[in-house]
Amino acid sequence: MKKSTLLLAASLLPLLSACNSIAPNSAAASVATTPEAAWVGEARQVAGSVPPKLMAVLKTEMQQGGPAHAIGVCQVVAPNMAQAASQATGWQIRRVSLGNRNPKAVPDSWERQTLETFERQQAAGADASKLERAEVVTENGQQVKRYMRALPVQEACLQCHGTADKLGPGVAARLSERYPHDKGTGYLLGQVRGAMTLRQNVQ
Ligand code: HEC
């Protein structure tokens, strides 16, 4: 049940202003000008801080031992980093995907709806790196701040998440060994691979 809605997608802004010029009093115009709650900036910053750290580790591991080796590192390091960031910031942080590799990275219904929206926006030409959603929702009587930021497929991701022809040497075999139910391959450059998802109870 939604208490208040605040939908933020920077890449939608050109679209919104396009709507604006057609219908100056449309609801879309008021969404674009609603001042942002302070927690949104904080969530955005926290969500943005983890992926570059993880990618730095993966790059080093790929250089040293190749992508198949780096898979094993990612399996341990990625959840640990999310947990460390959760402890450091007071936000519950994890990664989710509609094509999840980690069996635990399944989105809940709010996250699923958000990821489906991100995928539609990306397919319609939006830059996936700009897609985000922030909202206060009520869950079992508790207000919860929720934030998601899309993780776009970059060149560096293709060795482990791309189509069969793009996967690195030994990657397919290692994946079927470690993630027998993997849905995290077959992605193309620019698509939404998944998202960082953050939540925190409203005090
Ligand atoms: C060295 C291989 C490797 C590379 C490169 C890589 N990933 Fe992954 N990725 C993995 C593995 C392994 C997992 C599962 C980790 C786990 O068990 O939690 C994963 C999981 C994820 C998840 C969590 C959801 C899920 O499916 O479990 C997201 C989101 C993700 N990767 C995005 C990316 C993006 C975006 C890039 C490029 C910027 C990238 N990955 C690069 C191996 C890789």
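Even glycines carry a Cβ here, placed using N, Cα and C.
Quick look at what TrEMBL annotates:
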SIGNAL    1-23  signal peptide
DOMAIN    57-199  domain 'Tll0287-like'
Could you put numbers on the helix, strand and coil content of the domain 'Tll0287-like' (57-199), residue by residue per DSSP?
69 helix, 35 strand, 39 coil
In this predicted model, what is the average pLDDT of the domain 'Tll0287-like' (57-199)?
97
